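Let me begin by presenting the structure, written as structure tokens, before commenting on it.
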Amino acid sequence: MEFNKAQNIIGLRVLNDNVIWLWEKDKSVVVIDPAIHEPVIRYIDENNLYIKAILQTHHHSDHIGGTKYLIERWPNVQVIASSKDKKRIPFQNISVEDGETLNILGEEIKIIEVLGHTNSHIAFFVNGESPVLFIGDTLFSGGCGRIFEGTYQQMYSSLERIKSLPKNTLIYCAHEYTKANLLWALNLKPKDQDIKNKLLQVEKKLSINELTIPFLLDEEMKINLFLRAKNLKEFTFLRENKDLWV
């Protein structure tokens, strides 16, 4: 477990490579994709906080595994998830759809459907001077999510939606995959200086046990081959190549 503070958002590293994000404001906390519950409860108790809401980007067990235990501790918590996932996230009590907006911690949050990794994956976008996107497993620094339930077209379209957001959007994904993704990218683009420079930055952070996420959309568009893909055919080639990468 480790902490990484930016804009009152704390990252807890858990399991092998998951990151649980805690968005804190005035002693209230919004938890994003709690893979497990123990470190969340520990942090909440040690800092005299309480959980206002839980945001679920999708149904995979390493994103919802801690939710039922957090609900037991805070039974009035709002659990926000896609209306398409009522069966797979049965403890949700606020069901949302693409384009819907919510007010949480005094901020307007827009729901963005980002299909591909699953057929019901959503992201949570907080607009403002310093926009924030909680993206789950759709986009990683240097990579994107595997396509388990959706199609290549859906994932490509989801990434295009992300690219249309303000370029200063700070993106919070749910896994620390950056170094592995960049090594794969360099295997395809060995002379790409932007990717080389990014890898050096990432290795420096990892050497002192810092998270390499979140990341800025503007910078990510320079080093992420999936975001640089010019069309569906190019994206499909990259995704299939990445799936075979060991």
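From the backbone N, Cα and C atoms, a Cβ is placed for every residue, glycine too.
Within its own chain, HIS60 (Zn(2+) 1 binding site) has THR118, ASP137 as residues 6 or more apart in sequence whose C-beta sits under 8 angstroms from its own. Reduced to three states, the DSSP call for HIS60 (Zn(2+) 1 binding site) is coil. Residues or ranges marked as Zn(2+) 1 binding site by Swiss-Prot on the basis of sequence analysis: HIS58, HIS60, HIS117, ASP137.
According to Swiss-Prot, the feature Zn(2+) 2 binding site maps to ASP62, HIS63, ASP137, HIS175, an assignment based on sequence analysis. Within 10 Å of the C-beta atom of ASP62 (Zn(2+) 2 binding site) sit 18 other C-beta atoms, taking all shown protein chains into account.
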Rounded distance in angstrom between the Cα atoms of ASP62 (Zn(2+) 2 binding site) and HIS117 (Zn(2+) 1 binding site): 14
Surrounding CB atoms that lie within 10 Å of the CB of HIS117 (Zn(2+) 1 binding site), all protein chains: 24
For the binding-site residues HIS58, HIS63, HIS175, the one whose C-beta sees the most other C-beta atoms within 10 angstroms: HIS58
Other residues, Cβ within 8 Å of ASP62, HIS63, ASP137, HIS175 Cβ centroid (Zn(2+) 2 site): ASN18, ASP33, ALA35, HIS58, HIS60, GLY136, ALA174
Length of the line joining the Cα atoms of HIS175 (Zn(2+) 2 binding site) and HIS58 (Zn(2+) 1 binding site), in Å: 14
